[in-house]
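Listed in TrEMBL for this protein:
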| type | residues | note |
| --- | --- | --- |
| TRANSMEM | 20-41 | transmembrane segment |
| DOMAIN | 20-237 | domain 'MacB-like periplasmic core' |
| TRANSMEM | 280-301 | transmembrane segment |
| DOMAIN | 287-401 | domain 'ABC3 transporter permease C-terminal' |
| TRANSMEM | 378-400 | transmembrane segment |
| TRANSMEM | 421-443 | transmembrane segment |
| DOMAIN | 497-616 | domain 'MacB-like periplasmic core' |
| TRANSMEM | 662-681 | transmembrane segment |
| DOMAIN | 665-769 | domain 'ABC3 transporter permease C-terminal' |
| TRANSMEM | 713-732 | transmembrane segment |
| TRANSMEM | 752-769 | transmembrane segment |
Amino acid sequence: MLTNYFILAYRNLLRNKVASFINIVGLSIAIASAITVFIILKNFWTLDDFHVNGDRIYMLEYTTQAKDEVRTFGDAPAPMAAALAQYPQVKRMVRVEQEGVSIYHKESVFSELLTYADTSFFSLFTFPLKYGNPAALSDPAALILSHKTAEKYFPNQNPIGQPFMVVTEGKEKKQFVVRGVAEKFPSNAGMKFELLTGYDQSHSILKKQDWTTHIRGLFVEINHPEEAQKLARQMSQYVAVYNAKNIESPIQSFLFDNLRHPAPNAYDVRRRPAEANHPITTLLFSAMALIMMGLSCFNYVNISLGTVTQRLKEIGMRKVMGGTRGQLIAQFMIENVLLCFVSLLLGLLITQVFLVPLFNSIMVMTISVSFAQNAPLWLFMAGILTFTAITSGAYPALYLSALRPIMIFASRQVGSHKSTFSGILLTAQFSLAFIAVILGVVISTTGIAWKKLDWGYNPDPLLVVRLSDSTQYGILKNELTQNPAISAISGAEEHVGESMILQEIHEGSESINVARYNVDATYFQTLGLPPTSGRLFSRDRLAENAQSTVVNEKFVQRLGWKGTVEGRSLRIDKQLYTVIGVVKDFKLIGSGAARPAMFTTATESQFQYLVARFEPNSGPSLVTTLERTWKVKFPRTTLSYFYQKEVFNSFDTTFQRLGQSFGYIAGLALLIACMGLYGLAAQHFARRLKEVSVRKVLGASVSQIIVLVNRRFILLLSIAGLIANMLCYVGIRLTLQQTEEFTGTYQPGLSPFLIANLIVFVTAAIAVGRQTWKTAYVQLAETLRNAD
């Protein structure tokens with residue numbers, strides 16, 4: 001009996017080739033998209049779960065109070081390491097510190113991030129070594145490289161024993177030797193390193209370890225996870241100790257966050273030593289996957305109901321011959337399972353051959369399809385097969401099996417309610433298509449709009465040189481000032497758009513984090529950033545500059561200052577600064593969201609950047625001069641420079657990739673919807689051929705016929721568009737409100753919605769265009785000749 005069901009199912013799939021093709025292709029694309037999204041989200045959900053002790057690894061964090069806002073920070077007071085070592089609940093502990101360093105390798109200089117960690121680092125974290133021994137961390141001159149870093153400097157080699165000259169942020173030169181190379185990190189690694197050495201106080205950055213010093217992170221392995229909360233409460237005794245040494249920046253409490261199962265707000269923890277994903281990413285990708293699956297299931301139900309008239313006699317005969325309703329339901333469900341299984345196989349092929357390579361080419365992360373020892377993926381595929389089989393097949397099976405033979409053979413309208421239900425499904429289907437396209441267009445246009453935002457100054461005539469040594473500034477400045485194309489040169493320790501210091505500012509009961517820049521006195525003039533009130537730094541007032549600060553308009557707004565701002569005082573790191581001026585808000589992150597910022601002066605020995613303003617159209621010639629000068633003056637170091645207008649290119653590219661990802665998903669969703677519309681239109685127009693022929697004989701014009709046969713589709717698409725636009729408008733506004741710190745006051749406006757609606761309507765018109773044209777020009781004689 002079961003074999004007979006499968007044989008009949010196979011024959012029916014072949015008999016209805018167009019409907020089967022639309023259903024299989026639609027389901028396979030949706031399943032492929034869902035599997036790809038699942039793989040991406042699995043990387044997000046399982047961040048850092050490859051560590052053997054992950055359930056017992058915790059990060060020490062602390063909270064502060066600013067008015068009604070509680071903020072959480074992931075760095076740790078240095079003495080907390082010794083304090084935690086005294087508690088029996090703590091099995092082992094690892095301190096982590098990081099600094100940017102310059103690497104001298106083969107007469108070239110590269111910028112890297114050096115991580116300092118305790119010798120138990122490899123006992124706590126599961127980072128197997130390809131070469132070397134983890135015990136090398138006990139040697140302060142030993143260096144362990146990540147797989148990526150090893151391939152960068154020593155491609156296809158075993159670099160053990162190779163020397164490395166490192167210059168730290170404090171300009172300390174230190175000779176290291178490579179003692180280990182890590183295996184390639186998993187794609188879901190949130191805690192990573194490039195260069196790793198031991199946490200030894202012979203390194204200058206680690207010499208100060210008092211309560212005013214914070215390290216990058218403090219990780220502990222707790223014997224029993226349930227003891228974490230109790231241990232956090234015991235840490236309360238150190239809050240008072242810390243606050244006594246940090247009167248201006250007190251903390252409220254200490255807490256522990258698990259590495260494998262971080263808190264829901266982990267993404268919002270400032271200075272967190274391990275990455276954490278924002279839930280909005282998960283929600284967006286999940287929503288798109290559900291949209292795709294919903295579209296394909298609605299497609300299947302609609303197409304199945306549309307082909308009902310082709311199987312009425314079969315159903316009637318089987319019931320007359322003694323077939324039960326249960327047998328008919330089993331037959332239809334087996335047909336559906338077979339179709340879904342074929343779609344699953346095709347979906348896996350599309351995932352492996354097309355979608356995974358596509359997403360790897362546009363996303364920073366790398367994903368892969370692995371079936372070996374991947375129980376979650378197998379369970380997901382089994383679940384998606386069951387879900388699609390039941391969701392898409394249940395209603396057609398129940399509806400068709402309920403038809404009575406007498407109604408079928410009496411040629412009564414057995415599907416009178418089918419049209420209404422089909423209309424509801426088509427509306428829901430295109431609502432999802434509208435939502436997918438709107439989201440894709442909004443994300444893409446948002447990236448474009450952010451790129452075009454006002455910077456607060458003109459970035460075009462600015463060239464920035466990264467300095468590997470501050471002594472290069474004076475030499476380079478003397479050479480470049482002789483070039484008539486250069487109108488101004490200035491230096492900076494932190495440069496707008498490239499780097500900043502996150503500085504906590506206390507003003508009475510108010511506490512805010514601001515972007516701090518240490519710059520030359522002429523930095524504003526070189527950048528072209530004008531004051532809105534007060535004055536800027538001046539070379540004629542060097543002593544006064546050291547005790548002065550310039551802030552931006554957002555800084556003033558966040559602190560709620562009214563009236564004259566100049567003359568107000570700020571205490572930072574036990575030093576008193578006087579505000580001498582305010583500059584207009586400027587673009588300091590890629591999204592252009594206004595953030596509070598302050599500027600203080602730096603000496604030439606601190607400069608890490610040289611900023612040059614040049615005359616229009618002289619950029620290429622200036623670069624040629626720069627390269628020639630650099631080669632002569634600094635032959636052993638690599639020149640690194642960029643045009644200021646390119647400073648946010650990395651952000652723009654990342655957001656562009658995100659937009660492309662959602663654009664492809666939206667395109668696939670629209671393809672599925674329009675394939676379903678094409679199938680429904682073909683069935684709909686076929687049923688109305690006689691009516692159209694008679695109307696033409698009675699004098700109806702082609703335009704009247706086109707409106708007549710498409711009126712229902714136009715109405716349903718309009719309703720779907722209205723519903724989708726309302727839902728997207730509300731959803732986007734709520735999302736922007738929740739991410740205002742990043743997105744600022746940006747609102748997408750009407751244009752993305754208009755573009756998305758135009759795309760859907762035009763694509764839908766193309767989908768039904770051929771059928772409409774064929775129906776509008778049908779001849780009565782031909783219709784009657786081909787009638788059953």
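Residue positions begin at 1 at the first shown residue.
Here the Cβ of each residue, glycine as well, is placed from N, Cα and C on the backbone.
Automatic, uncurated: that is what TrEMBL annotation is.
Beyond the ends of the transmembrane segment (378-400), by six or more residues, the same chain brings 27, 30-31, 34-35, 38, 293, 296-297, 300-301, 304-305, 308, 311, 315, 328-329, 332-333, 335-337, 340-341, 343-344, 348, 371, 418 to within a C-beta distance below 8 angstroms of the stretch. Using a cut-off of 8 Å between Cβ atoms, the transmembrane segment (713-732) and the transmembrane segment (280-301) share fewer than three residue pairs, counting only pairs 6 or more apart in sequence. Here the transmembrane segment (20-41) has Cβ contacts under 8 Å with residues 13-14, 282, 285-286, 288-289, 292-293, 295-296, 299-300, 303-304, 339-340, 342-344, 346-348, 350-351, 354-356, 359, 363, 365, 367-369, 377, 380-381, 384, 388, 392, 665, 668, 671-672, 675-676, 678-679 of the same chain, all six or more residues outside its ends. Beyond the ends of the transmembrane segment (752-769), by six or more residues, the same chain brings 430, 433-434, 437-438, 440-442, 445-446, 670, 673-675, 677-678, 681, 710, 713, 717, 721, 725, 728-729 to within a C-beta distance below 8 angstroms of the stretch. As a summary of secondary structure, the domain 'ABC3 transporter permease C-terminal' (665-769) carries 92 helix, 0 strand, 13 coil according to DSSP.
In the domain 'ABC3 transporter permease C-terminal' (287-401), helix, strand and coil residues by DSSP number 98 helix, 0 strand, 17 coil.
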